[in-house]
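Engineer: The structure under discussion is supplied below as structure tokens; questions concerning it will follow.
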């Protein structure tokens, strides 16, 4: 749910701005001077919308647009080809996204025949829904406070603004390259959404050829696509860029542990700890951490080898009983240090025993069965923690501290512990800086790429509308002599694109906010 405080700040702030604007424009004393000030500074204010336009960047735009004319010609030709391909590809992408959303809605809807499903079927559906997370959609609706953390709004809006500015710079340079008069550049704020725009002389735009128009209209999404590619390159090269100050490949560094995290405590994880293993799974970077947790979550609980003499020494008589999910519990004292283990004796009979977890699993090798523990003459058993269905016992190695024994769902560890692959070489360096840079670049890649895809959709009021019109003018004018037929074809394509985009946005919003 969207935080109430965020809504109050947004609505209250806009109300104050609009009322101040209304009062000043209604004032006998300040009306003319205030309106002159707005006009001189290129400002305009309306409900939930502030717009600023200036001509101070015109010289820079004209300089960019007239420099290396031949190279720019080839550059925007590439952009034109990309824009046309992106326009038609957007239909396929939106159609696929819509089908994925509908399939997800059907999967989330309770079946009338499943009201009395067993615990095993419940476990199966939970597992399948979790695995579907790996098949994420390319396009997703983002709502601040719901699927966009409030503490990452700065990254989001900064990336949106930069993507918008780069988009409009593309339009502006292409327009000047095609001899269209450039009036100015501006920035706007709509509710909480920042953006940019360029003001072009419409008459000049209508007089140039359809191919020239295509170069201008495709330039924005082309620049967004290139920006996303540069972001990917920067992300890949980030370890090299930060190499003089940070090193990687030896583990993951803990940057934050949430207050409600199960990993918090005297023998838990602390900021600055270096994690090298999860169970027997080596961790050298963030990707390893995520893959290890996935493996632990979706595979059966791993066991630990223990000698028969140690098992006899640590265990004590217990009475085992079944939990509601079918698993077995045998520790009746509600101890935070004891865990119920199961194992098979020499006669292959399954037994249960309650053991102090740390003494049982410390300095032992992992196993799947008794065969994995056959070493030397002493008899050993593979003891497996008997836990609830989705709960795991995870041994987290973070030397030089003693291993942390985590009992809980692996996803809780994933969501409540923040990590980074970058370890500072010097104590004065911040452990958060690489995370900040990495997070911002990821937002820039996602949002610039999304802006390129969405703007390419042949939809009313988007770049795709003008790309489509210019494309039809360039290709169908000589084939279809009747302009009305050509306009009708364009209208139905635009209508289809608009409906497809609206359906994706509507269902996407419903999926995000209703669940």
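Every residue gets a Cβ built from N, Cα and C, even glycine.
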Engineer: Kindly point out the range from 118-130, 170-182, 209-221, 248-260 that Swiss-Prot annotates with transmembrane segment.
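Structural biologist: Result: 170-182 is the stretch Swiss-Prot calls transmembrane segment.
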Engineer: Can you check which of 183-205, 275-297 Swiss-Prot lists as transmembrane segment?
Structural biologist: 183-205
Engineer: I'm validating the feature mapping. Which of 4-24, 25-45 is tagged transmembrane segment in Swiss-Prot?
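Structural biologist: Here Swiss-Prot associates transmembrane segment with the stretch 4-24.
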Engineer: Annotation N-linked glycosylation site in Swiss-Prot: match it to one of 333, 504, please.
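Structural biologist: Residue annotated N-linked glycosylation site in Swiss-Prot: 333.
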Engineer: Tell me if residue 65 and residue 485 end up on the same side of the membrane in Swiss-Prot.
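Structural biologist: Result: yes, residue 65 and residue 485 share a side in Swiss-Prot.
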Engineer: At a 10 Å cut-off from the C-beta of residue 168 (active site), count the other C-beta atoms across all protein chains.
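Structural biologist: Taking all protein chains shown, residue 168 (active site) has 21 Cβ neighbours within 10 Å.
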Engineer: With pairs restricted to those 6 or more apart in sequence, evaluate whether the transmembrane segment (489-509) and the transmembrane segment (170-182) have 3+ C-beta pairs under 8 Å.
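Structural biologist: Taking Cβ pairs at least 6 residues apart, the transmembrane segment (170-182) and the transmembrane segment (489-509) are not in contact, as fewer than 3 fall under 8 Å.
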Engineer: Is the transmembrane segment (4-24) packed against any residues at least 6 beyond its ends, judged by a Cβ distance under 8 Å, and which are they?
Structural biologist: 30-31, 34, 45, 47-48, 50, 144-145, 150, 191-192
Engineer: Which stretch from 75-95, 96-107, 443-460, 461-472 shares the most C-beta pairs under 8 Å with the transmembrane segment (141-165)?
Structural biologist: 443-460
Engineer: Of the stretches 170-182, 443-460, 461-472, which racks up the most C-beta pairs under 8 Å with the transmembrane segment (75-95)?
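Structural biologist: Answer is 443-460, with the largest number of Cβ pairs below 8 Å.
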Engineer: So what's the mean pLDDT when you look at the topological domain 'Lumenal' (25-74)?
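Structural biologist: Reported value for the topological domain 'Lumenal' (25-74) is a mean pLDDT of 91.
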